[in-house]
Structure formats: C-alpha cells, structure tokens
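Written out below as structure tokens is the structure these notes cover.
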Amino acid sequence: MQNRTYTADAEPGDTVTVAGWVHEVRDLGGIAFLILRDKSGKIQIKFEKDEMDEELVETGLGVHRESVISVSGDVKEEPRAPTDVEVVPDSIDVLAEADTELPLDPSGKVDAELSTRLDNRTLDLRKEEVKAVFEIRAEVLRSVREAFRDLGSTEINTPKIVATGTEGGTELFPITYFGEEAFMNQSPQLFKQLMIGSGLERVFEIGPIFRAEEHNTPRHLNEATSIDFESAFFDHTEAMDACEHVVKAAYEGVAENCRKELEALGLEDEFEVPEGEFPRLTYEEAIERINATGELDEQLVWGDDLPTEGERALGDDVGEHYFITDWPSEIKPFYIKDHDDDEQLSTGFDMMHPRMELVSGGQREHRYDHLVEGFEQQGLDPEAFDYYTKMFRYGMPPHAGWGLGGERLVMTMLGLENIREAVLFPRDRQRLSP
Ligand code: ATP
Ligand code: AMO
C-alpha cells in the first residue's frame, strides 16, 4: 500500500493514510471513536456525527471489530486521546470485513485456553503480549547470530532427512525415502563435526531438530529449534566460554532492543542480563548438592542421570545459570571425549537455567580408533556411520561444541509456563496442525 503511515509515526499536522485492524468502536452519541491497531501501536479515529459525511460515519461505526480498514485524514493533537493524537477521517476503506463471532478475543478481555490460542495463532498474535514473545524470539536469534559472528564462526545448513540417528535410537521419526528407511534428524551433531575437518573450522547452525519424545511435558517439543556450535582446536572449557558469550548476547540484545516488548509482558523491571561467569559445578558436586537439599526420596549415586526434581532442587540452590561438568562417561554419547587421565570421566557438560537444562556439549572424540570403539560400546554399528567415521582418518582436529534449545532459551528468559508459548505452531503428541 503506497504512502501508508504506521500509527506510531502519525504526527499532528500530517495528512496520513493509516491501515490496520479495528480494535474497538466506542459510540458516545454525538461523538464516536474507532481505535485502529497496527504493528506499531494504536491510534484514535474521531467521528463527530453532526459535522461529518453520513456515509463516512456509517462505514466507520458499522464495521465489525478486527476487520481490516484503511483511513485517510488529518492528524490532530488531542490530549484526551490515548496516544495524544487522533485522526479526523476524510475517507475509510474496508479492506477485509471480519466475522462478528471470533474464535478468540484478541483484546484479551476473555481468556483463552492454550489449545484455542494455538489453533488460532493468527488472532492470538494480535495480542500485544503474545506478539512480544515472537518479536523477542526474533531478537534472540538475531543477537545469537551476531555473537556467533563475533566468535568467527560460519553459519551452515545441514540435512534434516538422514539415514541414521545420533542421540539414542528410540527418539527417531522414521520416514520413507524413495522406498528406503530414513529419519528426521535429531541433531546436526555428526554434520557439524564433519565440517570441523573442512576449511570452515568453526561453524554454527540454527535449525529444526525432530525428536519422537513420547511424553507430553511443558518443556519438550517434537520439533524444536537447535542452536548448534562447533569449533576446531577448542576444548570443552573453551566451548563453555563460547556458550556463555552466546547466551549473554541473547539477553543483552533483548534488553537493548525489546523495551516495548518487555513492557507488554510486564517484565520491564524484572528482566536482567546474567552477569559474571556462570558457576561451573562438577557432576559429583551437583549430585552431592542435590542430595543435601533433601528434596529427593532416594539419594543419587554416581552414574545416575539427574531427575527433573533433582535439577529443580539444584537450580533453586544455585539460583542462576550454571554448568555441570565432568559427567560419567557411561551416560554421555559416543562422540563425547573422556578425560585423558580418567576414562570414567567425560568432558561432557550441560548448561542449566535454574528451571531446566538449556545446553549439552563437550569436547569430541576425534581419534578414529577411540571413536569406532565408542560406537561398539553403545551398541551402534560403526559401518552405518562410515560416512562420518572415515573423515576422522583424513585429518580431523581436536574440537568441541554444544547444542542450545532455542525455545527453552526464550521460555526461561521470559518465564513462560509452557514451551509451546515460545513456538508459533508447536508439534507435540496431540498437535500436527496448524
Ligand atoms: P459532541 O462532542 O459532538 O457535543 P458528545 O456530547 O457525545 O458530542 P463530548 O461530551 O464532547 O461529546 O464527549 C464525550 C466524551 O468523550 C467525554 O468524556 C469527553 O471527554 C470524551 N472526548 C471528547 N472528545 C474526545 C477526544 N477527541 N478524544 C478522547 N476523548 C474525547
Ligand atoms: P541434547 O540432546 O541435550 O544434545 O539437545 C541439546 C538441547 O536442545 C534442547 N532440546 C529440546 N528442546 C525442546 N524439546 C525437545 N524435545 C528437545 N530436545 C533437546 C535442549 C537441550 O539441552 N548433539 C547434542 C548437542 C551437542 O553435544 O552439541 C544434543 O543434541 O535445550
């Protein structure tokens, strides 16, 4: 639409055409107001019935809520108007009339269940606080990309249809690929590692991962956005430094560029960029601290995975982002390298928000013989991974990296109750469309 002005840019003295949704019509008798909403905000359109063309008044006041209109007219200063300006219309075009019955009330006066909201995302995002989540999500991805660029890494895109899984065989979605069995990729793990031996050396990818998680929880999706990093000549501690840099950059970007969105979410006072180094606890310290909280019925012992209640108890205890390092080798995947002086101890790490795990990573096993042995120990057929392992015979540098769950980052940053609130069209056990 030529010459369209955003409502937020309409200044007294201007003659403008504004366009957007009919937020509200208030008819007070001789005077009536229509509130027009667009991406930038809202503006009042004033109708003085006795002084205006009858047809213009009828069009303006007869249009249903949430219809799309454009209005041309003069902008006037008006202290009683919600934004201190109003438009006195010369003409109104109804571009798309909305039904009178809406499945969801975009003014938010009537609460809707999450499932109704997800079924009607278009209307749901007309609410300022919902739109704000996705503006912030976009800012997080923008800041993260910039942070990766600071780190000198190159963005890559790897296939999502693959021949093998990497993160444990049970969580794969099988598909048929021209008559052959294939899978939706669970992680770009092997592909990002393959790029370590290439001339790119340091890479990142932001893309979907697919996991056939059977359970329905507030923090699992069947399609999630993974923010992956991998660097040649990094050990696990350098990978943790990079992780901290990227996560802080996401918070900084939001603090700097999303004031309005944080206000819409009521977070303008609460929102804090994490400061200082994230504490690094060993797995052994972590289980001791969890046991000391007394929150678990059974004490954890070396080799146990951390149960959700354990993670939460530790999160409450630590009270900020933190790393758990030096996990038992037996509970970390085959591609994670063990410490040189202790085979039972891996270089794997997790980065935690007090509410949940955000990141897994580690230094990788880059020695061909050890890697193939690891496959066998995990009951995987090294032959099936030949496309991956063979590159470790042609000059694969030591390397380390990690994967960060994009939705979990946004969810924990904004204190969202359910991970689905951080995804436009979530995929879960019940939801395949829209
Ligand atoms: P008229 O203005 O044609 O005499 P009226 O008696 O219905 O018709 P007012 O008494 O001027 O209108 O106003 C009705 C209400 O609307 C009052 O509460 C007034 O403060 C408010 N109001 C009037 N003009 C504006 C405006 N431009 N923006 C916001 N509120 C306004
Ligand atoms: P992991 O399996 O721990 O590690 O995944 C990394 C991070 O991705 C997020 N995540 C999920 N988010 C929502 N729903 C899910 N179903 C889901 N699964 C994972 C989490 C998690 O911490 N290849 C390794 C990473 C690496 O070592 O580089 C991996 O995939 O935030």
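Here the Cβ of each residue, glycine as well, is placed from N, Cα and C on the backbone.
Here the structure is a predicted model, which means the values were calculated and not measured.
Residues or ranges marked as L-aspartate binding site by TrEMBL: GLU167, ARG211, SER360, ARG364. Over all protein chains present, the Cβ of SER360 (L-aspartate binding site) has 21 other Cβ atoms lying within 10 Å.
As annotated by TrEMBL, ATP binding site applies to ARG211, ALA212, GLU213, ARG219, HIS220, LEU221, GLU357, GLY405, GLY406, GLU407, ARG408. In the three-state DSSP classification, ARG408 (ATP binding site) falls within a helix.
Marked as Mg(2+) 2 binding site by TrEMBL: GLU357, SER360. In the three-state DSSP reading, SER360 (L-aspartate binding site) counts as strand.
Annotation source TrEMBL lists Mg(2+) 3 binding site at GLU357.
According to TrEMBL, the domain 'Aminoacyl-transfer RNA synthetases class-II family profile' annotation covers 134-434.
On the 0 to 100 pLDDT scale, the model's mean across the region 'Aspartate' (189-192) is 97. As annotated by TrEMBL, region 'Aspartate' applies to 189-192.
The site 'Important for tRNA non-discrimination' annotation in TrEMBL covers PRO82. The Cβ of PRO82 (site 'Important for tRNA non-discrimination') lies under 8 Å from the Cβ of ILE35, LYS42, GLN44, each of these being in the same chain and 6 or more residues away along the sequence.
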| note | CB contacts under 8 angstroms to HIS220 (ATP binding site), restricted to the same chain and 6+ apart in sequence, sorted by sequence, are ARG211, GLU213, ILE419, ASP428
| Near the Cβ of ARG364 (L-aspartate binding site), how many other Cβ atoms are there if near means within 10 Å? | 28
| task | Between GLU357 (ATP binding site) and ARG364 (L-aspartate binding site), find the distance joining the two CA atoms and give it rounded to the nearest Å. | result | 20
| Around the Cβ of ARG211 (L-aspartate binding site), the count of other Cβ atoms that are within 10 Å | 23
| query | Taking only the binding-site residues GLU167, SER360, ARG364, which one has a CA atom nearest to the CA atom of GLY406 (ATP binding site)? | reply | SER360
